[in-house]
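Peer 1: Provided herewith is a single structure, encoded as structure tokens, for subsequent inquiry.
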Amino acid sequence: MTSISITINGAKIDTIKGSTLLEASLKAGIYIPSICAHPDLPPLVGLKPTEEIFQGNSEFKSTDSHEHQGCQLCVVRIEGMEGLQTACNTIFEKDMIISTDSPEIQTFRRERLMNILSTHPHACLVCAQKEGCSREPCSTNVAVEERCCPELGRCELQKVAEYIGIREDTPRYKPQGRAIIENEPLFVRNYELCIGCTRCVRVCGDVRGVKALGFVYNNGETVVGSIATTLKDSGCKFCGACVEVCPTGALTDKDIFWAEREKLLVPCKNTCPLGIDVPRYIRLIAEKKYNEAAAVVREKTPFPSVLGRVCFHNCELECRRNQINEPIAICALKRFAMEHENDLWKSKLTMGPTTGKKVAIVGSGPSGLTAAYYLRRLGHSVTVFEANSYVGGMLSVGIPEYRLPRSVLQKDLYHILNIGIETQGDTVVGEYLSLDDLKAQGFNAIFLAIGAQKTKKLDIKGSNLPSILWGLEFLRRTNTGIKSVIPDNIVVIGGGNVAIDVALTARRLGAKDVQLFCLECREEMPAHEWEIQKAIDEGITLNCSWGPKRIV
């Protein structure tokens, strides 16, 4: 990139050729006020109005076709040029001499600001008691519609106004009666607070490529709106980019409180027990960067492939797209990323220096192996003790293979153990090997990850009959290759996920009629809805609101 020199306020600055004066000044630490410009938007050049726009059901047609001139608050004086120039769309040239502040410039900016504020609520901006004011109640009894919006204190227009200064003869704001649209998903459009900067129009068209928003000139006023009566009919993707760039409270997210903004805006990440950066890996998948997407998942768990299959994906229940149509298929996309990676992550895997510390992990289920994985990466020596001859815990024996193929599980187990974790199978800690024995072997720490291995049993008459199989035992026998005699007719008692797994496993083993009975009504069954629906689709009969009294 070619670098050229210019002079701003008497200081020589080297900057990249092709930049605007506003960009060059900000990079040099010289502030120039502006409302229409934004770092993520291209310069305001050649923006023309559409024929018509809508604010709800109100239609506005354009009465002029000239290019949008912007806020003009960023004016500067360039030596050798007539009049003031806008810095946001002027490309600097070599040896330009620029002044960004002078009485002439200040006077012009204050006049432009006065024009903007005359059609925008601004009583709070000129109030002597504005510092620390909560707006409610107003100590000077200003009418509610004349007060600033809840963005007071965070508003870009407020910050610009404080820098430029508000003229004392700025006229009092009179409500315009513009549309306030609150009945559409995700955000509120309050056109009473719109100043016509067109940031939303440009981010929607130039950055997102959607063009759901537009503007017109109507009776000398810049009027912004959607290209159809609703955002959905306008082709809006509800990405929220327009809200992000809005400098006032004209566009705001629904039900988003500033103190919890990220938590509420990105509920998928907040709901995820691991805190996986869901938006990031979905964006990378959209960009076809599958290795990078998989790496984002691996940042938080050593079981990424397993989670792509069996994660409960409660994140999808909280997905904000539910307010529009249906949630993003977050879990399925995670699985897609893991199935399309090529192990590039291995070259980026870091291991801490050897610490000389030894850790014993009792139990090789997901908890034990996760602890072992991260402790080993910290440089500790790790040994996993397992009562069975195989590792994986309930992942290996509690989840049916139709849900979690063994090849998928083995892939994650291989990557975990392959970083130098030692395993000792067929070792029952507590029976043949005590915790004191482990300490005597030099282990500095012991982590007990024995899991919940026992089935909850019904204490009713007949529960000990030979024809009775308990849920986890049945799944364990099936997953370890021990065949159970499955009659044509099966009754499963319970309404949780284990009961659904048992019912579908029995179906796959040849049962022709599987009846599931549970105490809960259909709406209150504890199993996940998609699991219940899968059971129904595969012919499992649900008998809700029934409880067993005895087995005969």
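The backbone N, Cα and C atoms fix where each Cβ goes, glycine too.
Predicted automatically and left uncurated, TrEMBL annotations should be read as such.
Here TrEMBL flags 2-104 as domain '2Fe-2S ferredoxin-type'. The domain '4Fe-4S His(Cys)3-ligated-type' annotation in TrEMBL covers 104-165. Taken from TrEMBL, the feature domain '4Fe-4S ferredoxin-type' applies to 185-204, 227-256.
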Peer 1: Near the domain '4Fe-4S ferredoxin-type' (227-256), which same-chain residues lie under 8 Å Cβ to Cβ, leaving out any that are not at least 6 residues past its ends?
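Peer 2: Contacts of the domain '4Fe-4S ferredoxin-type' (227-256) (Cβ under 8 Å, skipping residues fewer than 6 from its ends): 35, 38, 40-41, 50, 52-54, 56-57, 120, 149-151, 155-157, 182, 184-195, 197, 199-200, 203-204, 207-208, 210-214, 264-265, 321, 324.
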Peer 1: In the domain '4Fe-4S ferredoxin-type' (185-204), how many residues does DSSP call helix, how many strand, and how many coil?
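Peer 2: Reading the DSSP string over the domain '4Fe-4S ferredoxin-type' (185-204) gives 9 helix, 4 strand, 7 coil.
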Peer 1: State the mean pLDDT for the domain '4Fe-4S ferredoxin-type' (185-204).
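Peer 2: Mean pLDDT, the domain '4Fe-4S ferredoxin-type' (185-204): 95.
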